[in-house]
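Single-structure report; data block below.
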Amino acid sequence: MAPPSVFAEVPQAQPVLVFKLIADFREDPDPRKVNLGVGAYRTDDCQPWVLPVVRKVEQRIANDSSLNHEYLPILGLAEFRTCASRLALGDDSPALQEKRVGGVQSLGGTGALRIGAEFLARWYNGTNNKDTPVYVSSPTWENHNGVFTTAGFKDIRSYRYWDTEKRGLDLQGFLSDLENAPEFSIFVLHACAHNPTGTDPTPEQWKQIASVMKRRFLFPFFDSAYQGFASGNLEKDAWAIRYFVSEGFELFCAQSFSKNFGLYNERVGNLTVVAKEPDSILRVLSQMEKIVRVTWSNPPAQGARIVARTLSDPELFHEWTGNVKTMADRILSMRSELRARLEALKTPGTWNHITDQIGMFSFTGLNPKQVEYLINEKHIYLLPSGRINMCGLTTKNLDYVATSIHEAVTKIQ
């Protein structure tokens, strides 16, 4: 008699919520269906958009006979790493000029977070110190918890961020949690377009946050997934990162080029490291190299080449910023239109938070029962938290979505 499968006792894992939602949407035959859960840009025809500048650069790469498919270095394409870190920190960054910045090419923003988390678990605040508290915002992108837990951190905590009553930033709660955190704790900060709330601190509020973090010796780990994509302005979206660097912080910044280049399936990311002196960067990168070697060993070239060529060529860079602004402006327009329709319908509650928020997502304030109603009765797919992707809205479905939200709010308490 053959023994049972060695995999017989493996439990079935729960599906990843957002991808389950997308699968349910695809299987829904209702012609009215609307996908507000997808985490990617869509045109007004609800189609993916390949940026024109990306098409142009792809063609140039394809026709460049000097290129080949040799392995990239373990830390990635040098030109890409330099350009990516410069984009985050600014051309005039003292840290760059003083050569105390390093970059690690990664598999998207998630890869940058993971490599950074693995390094911190081994080398931050004492060798192999996985007891260091890691703070993530409440709420946050669900992968933050998983990445740091999987890297071995044992103490993942939440810091207050979202005020449900006023549908905005809970600054006092945030500052209080910073004050009460153990010294040298790690704080995961959203650089701009906070996911899922779409609510960012103002520059003045960032200054207050930085002041407490500096006094308490707290380590900032920025997640920058939407630079340029949030406001349409690269400098504005990187303001917090650059301010922290100007204040003398050592920090990590996980960068993603999925959204602002539309390179979702190329997995283009970078981990920018800022230290106090050049020698530290050399040692940190030497350890990062060891971690990458046993994780993915060498990163892919195509996406990194596209980004590096675009960022290093003034003409292509100008075209790219125009493409990014096109996406950002459409999202801002959909925010204004949705708010206007809900207010015209006299939907109970206040809806100014929709236009106060920024970036791809809006935290609507809808409760789980109202979300369930929208999915089951109206075939409008969104996360149980009430988060919607503004890119899923179009001039063709805005009226239907607004009317459906109005019904959900008035019928379901």
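Residue 1 is the first one shown; counting continues down the chain.
Heads up, the Cβ atoms here are built off N, Cα and C, so glycines get one too.
The Cβ neighbour count for Arg387 (L-aspartate binding site), using a 10 Å radius and every protein chain shown, is 23. For Gly39, Trp141, Asn195, Arg387, the entry in Swiss-Prot reads L-aspartate binding site.
Summarising the annotation, Swiss-Prot assigns N6-(pyridoxal phosphate)lysine to Lys259. Taking the Cβ of Lys259 (N6-(pyridoxal phosphate)lysine) as reference, residues of its chain lying under 8 Å away and at least six apart in sequence are, in sequence order, Ala40, Tyr41, Ala225, Tyr226, Phe229, Met360.
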If the L-aspartate site is taken as the center of the Cβ atoms of Gly39, Trp141, Asn195, Arg387, which further residues of that chain fall within 8 Å of it by their Cβ? Val18, Glu142, Pro196, Met360, Phe361
